[in-house]
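Colleague: Could you have a look at this structure, given as structure tokens, before my questions?
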Amino acid sequence: MSDKHINLVIVTGMSGAGKTVAIQSFEDLGYFTIDNMPPALVPKFLELIEQTNENRRVALVVDMRSRLFFKEINSTLDSIESNPSIDFWILFLDATDGELVSRYKETRRSHPLAADGRVLDGIRLERELLSPLKSMSQHVVDTTKLTPRQLRKTISDQFSEGSNQASFRIEVMSFGFKYGLPLDADLVFDVRFLPNPYYQVELREKTGLDEDVFNYVMSHPESEVFYKHLLNLIVPILPAYQKEGKSVLTVAIGCTGGQHRSVAFAHCLAESLATDWSVNESHRDQNRRKETVNRS
């Protein structure tokens with residue numbers, strides 16, 4: 001990107017999904033940040049940035065706290081998109097209704113759209129109203145299972161200096177179905193049909209990243225056949241996703257607990273795709289069982 005360009009990230013999403021942590025993360029990365037920016041003021045603010053030699057990496061939180069949000073957001077985005085000197089991305093933070101309710105109960109704050117005080121009603125209305133904006137977003141992050149530290153790392157991985165947000169990147173992740181589907185997944189594959197290392201006593205406490213577990217999972221004939229078909233399905237469609245302008249494609253592979261089979265498969269897939277593509281590998285639930293045991 002040209003140094004004359006403004007690199008703008010608009011941070012939005014569900015109330016309670018982590019926008020405060022997100023904007024603090026951008027500040028730590030060296031972005032000029034503003035929280036609770038009225039949409040109508042964004043174009044004028046960007047004009048001022050263009051006229052200076054100040055930091056041209058900008059992150060703005062634009063959300064439901066602005067009373068005129070829905071009247072102004074579309075015209076604001078049109079104005080930004082028509083400016084050739086601005087490269088911009090929308091980061092949409094989401095979480096399940098149950099998790100958002102839990103967070104509101106913990107903080108004892110009211111939801112901006114809960115006129116009668118019913119948090120869940122406010123969340124459902126907000127989700128409905130934000131649905132079009134979410135569909136426009138280049139980056140959707142589900143924070144349901146993320147700690148603040150994990151969210152900071154996610155943002156750092158995607159937006160730190162030197163990363164190319166405009167490039168196409170593949171996120172390969174493993175997860176456990178018992179802990180819920182990842183909301184930000186584009187493609188989901190189920191490997192629960194494979195033999196489960198959990199029932200091998202010597203493998204139970206290990207993960208799919210351990211060599212003996214990995215070999216156990218991948219050596220079965222069913223694994224070899226499925227993995228071959230998985231590659232044959234995914235690899236040919238990657239250029240099409242890139243051509244359509246998608247910046248991040250999230251491929252999620254799940255097993256029961258997210259500790260053995262899905263971890264091994266996700267690791268294998270990430271290594272295969274990394275020969276030709278930019279790939280990040282993550283394992284959402286691989287240590288969750290151990291954490292549960294330790295807390296009990």
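Using N, Cα and C of the backbone, Cβ positions are placed for all residues, glycine too.
Predicted, not measured: the structure shown is a model, and the values here were computed from it.
Residues annotated as ATP binding site in Swiss-Prot, with sequence analysis given as evidence: Gly13, Met14, Ser15, Gly16, Ala17, Gly18, Lys19, Thr20. Annotated GTP binding site per Swiss-Prot: Asp63, Met64, Arg65, Ser66, in sequence order.
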Colleague: In Å, rounded, how far does the Cα of Gly13 (ATP binding site) sit from the Cα of Arg65 (GTP binding site)?
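Modeller: Counting only the Cα atoms, the answer is 11 Å.
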Colleague: Taking the Cα of Asp63 (GTP binding site) as the centre, which of the binding-site residues listed as Gly16, Ala17, Gly18 lie within 10 Å of it?
Modeller: none
Colleague: For the C-alpha pair, I'd like the distance in angstrom between Gly18 (ATP binding site) and Arg65 (GTP binding site), rounded off.
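Modeller: Distance (Cα to Cα, whole Å): 14 Å.
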Colleague: If you draw a 10 Å sphere around the Cβ of Gly16 (ATP binding site), how many other Cβ atoms fall inside it, taking every protein chain shown into account?
Modeller: 25
Colleague: Would you say which of the binding-site residues Ser15, Thr20 has the most Cβ atoms within 10 Å of its own Cβ?
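Modeller: That would be Ser15, with the most Cβ atoms nearby.
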Colleague: Using a 10 Å cut-off between Cα atoms, which of these binding-site residues sit near Met64 (GTP binding site): Met14, Ser15, Gly16, Ala17, Lys19, Thr20?
Modeller: Met14, Ser15
Colleague: Cβ within 8 angstroms of the Cβ centroid of Gly13, Met14, Ser15, Gly16, Ala17, Gly18, Lys19, Thr20: which residues besides those meet this for the ATP site?
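Modeller: The surrounding set, listed in chain order, is Ala22, Asp63, Leu93, Ala95, Leu100, Thr143.
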